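Q: Okay, these came from Swiss-Prot:
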SIGNAL    1-28  signal peptide
TOPO_DOM  29-232  topological domain 'Lumenal'
TOPO_DOM  254-268  topological domain 'Cytoplasmic'
TOPO_DOM  290-303  topological domain 'Lumenal'
TOPO_DOM  325-331  topological domain 'Cytoplasmic'
TOPO_DOM  353-379  topological domain 'Lumenal'
TOPO_DOM  401-431  topological domain 'Cytoplasmic'
TOPO_DOM  453-471  topological domain 'Lumenal'
TOPO_DOM  493-541  topological domain 'Cytoplasmic'
TRANSMEM  233-253  transmembrane segment
TRANSMEM  269-289  transmembrane segment
TRANSMEM  304-324  transmembrane segment
TRANSMEM  332-352  transmembrane segment
TRANSMEM  380-400  transmembrane segment
TRANSMEM  432-452  transmembrane segment
TRANSMEM  472-492  transmembrane segment
């Protein structure tokens, strides 16, 4: 009989494969931990307070904080008051990056947040639920001698969340508030070398614009971007892993098509998982180095979503097809109760992502976190997603427990077998349990990775919650996905070896009782694998 490679491989060879995969997994972690720098970096320039007394503030003149033609600036708002300069004539100008540096397409994205330094004054304090109005213009250029070109401009409102750590008394005047960072904009590509931000805080008492926001002392324009060195390591991993998965996927499907039977459900799902892994591996990001593809962040989220959906569905089907409860499954329709919610959840994630990053393709200043309702919905989504992920993990653990329990029940039939048959099935069950444990470990690590990335993307805090994810964790989990898919397609591919009764001539052969108990009657040489026969889930031919 022709079974899967995992059923015919000796324990010694299986251990060798396991050690090789483990070494590659350790290598994936070391690549991130020792070679790659931290995934993200940031620059935090303090915006220069430029004076622009022109009547038409909307004209095309850009105010530079430094350079050959720096703007006329002031040191503080006290100086502005002494010189009778109105607040509407003050422009916060910030150049990214700092002088003598350049931005690069290797940075992949740029997230910009604002940090306000606000001093407490008894006659000018921050009111409750105050909003700050920002008149923002962003320009770019690729040469220091070029004229600035407008990238985007908008008038945005952001909620001001500040806490004064001391009592509001006269003695504490001048103490600074502790304020949350204000999300400003996000760019899906960094295709230019220099960026200039001109930000006004227009005051309009009639419209209540920028009234009750305290005494602003300074404004920090914090720019967060992916490290170029990490991008190179990440691209190199993708470039190396893509052909590896494609080759094993072609080899796997070729072995299946050479058989006289049609593929069973588990084999189809494993191939689909390999295809989704290939889709996420293909390093199309190389093109973003030469082209201004602002949609790459959204495209990356879609690829990850497809892989997550396929991976979660595979684990459910993998456990169900090995339940050993004599229930005929082998059809995707049997799992609609489990796979349906995964598909629904994936669609919800896609809609949420389109509402955030989809809109940012047209308006980079848009953020769902800028309003109370949007922030509450987004936070609720993250909490619900985390809860659903944990519930899914618990349900998966329960299914694994059922599989192990049913296997233990089947093991009671082993003493009645011949020695050769008993050793064969004991090895088969051991290898299956080993693969189930590895699956459970991968599921746990994937859930942790999902929750961690969701929390970090949702907040981008500079304080309590670090904006940086561990490089070793990124590369290690990514390598784990690829090694897991590679191992599945290799171990569950049909074997060229044949296992029959002639292989155990020293025993009396398998009795009819054994065949009835374990449902392993051989119909033809290319029949379902022994795991499928043991589970009682043969393909309908």
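Placed from the backbone N, Cα and C atoms, the Cβ positions cover glycine too.
Tell me what's around each of these sites.
A: Predicted-model confidence for the topological domain 'Cytoplasmic' (254-268) is 87, expressed as mean pLDDT.
Sequence-distant contacts of the topological domain 'Lumenal' (290-303), counting only residues of its own chain at least 6 positions beyond either end whose CB sits under 8 Å from a CB of the stretch, comprise 105, 108-109, 186-189, 191, 279-280, 284, 350, 353-354, 357-358, 361.
If you look at the topological domain 'Lumenal' (353-379), the same-chain residues 6 or more away from its ends with a CB under 8 A from one of its CBs are 136, 152, 154, 156-159, 183-188, 294-295, 297-298, 301-302, 305, 458.
Here the transmembrane segment (332-352) has long-range neighbours at 265, 302, 305-306, 308-309, 312-313, 316-317, 320, 378, 381, 385, 388, meaning same-chain residues at least 6 beyond its ends whose C-beta is under 8 angstroms from one of its own.
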Q: Who are the chain neighbours of the transmembrane segment (472-492) in space, where the CB to CB distance is under 8 Å and they lie at least 6 residues beyond its ends?
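A: That would be 4-6, 9, 17, 21, 24-25, 27-33, 36, 39, 233-234, 237, 241, 244-245, 248-249, 251-252, 266-267, 270-271, 273-274, 277, 281, 307, 311, 435, 438-439, 442, 445-446, 449, 452, 529.
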Q: Give the one range among 233-253, 269-289, 380-400 whose Cβ atoms make the most pairs under 8 Å with those of the transmembrane segment (304-324).
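A: Answer, by Cβ pair count: 269-289.
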Q: How does the topological domain 'Lumenal' (353-379) divide up by DSSP, counting helix, then strand, then coil residues?
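A: Its residues fall into 19 helix, 0 strand, 8 coil.
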Q: Work out, from DSSP, the number of helix, strand and coil residues along the topological domain 'Lumenal' (290-303).
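A: For the topological domain 'Lumenal' (290-303), the helix, strand and coil counts are 8 helix, 0 strand, 6 coil.
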Q: Treating G and I as helix alongside H, and B as strand alongside E, what does DSSP give for the topological domain 'Cytoplasmic' (254-268) in helix, strand and coil?
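A: The composition, in the requested order, is 8 helix, 0 strand, 7 coil.
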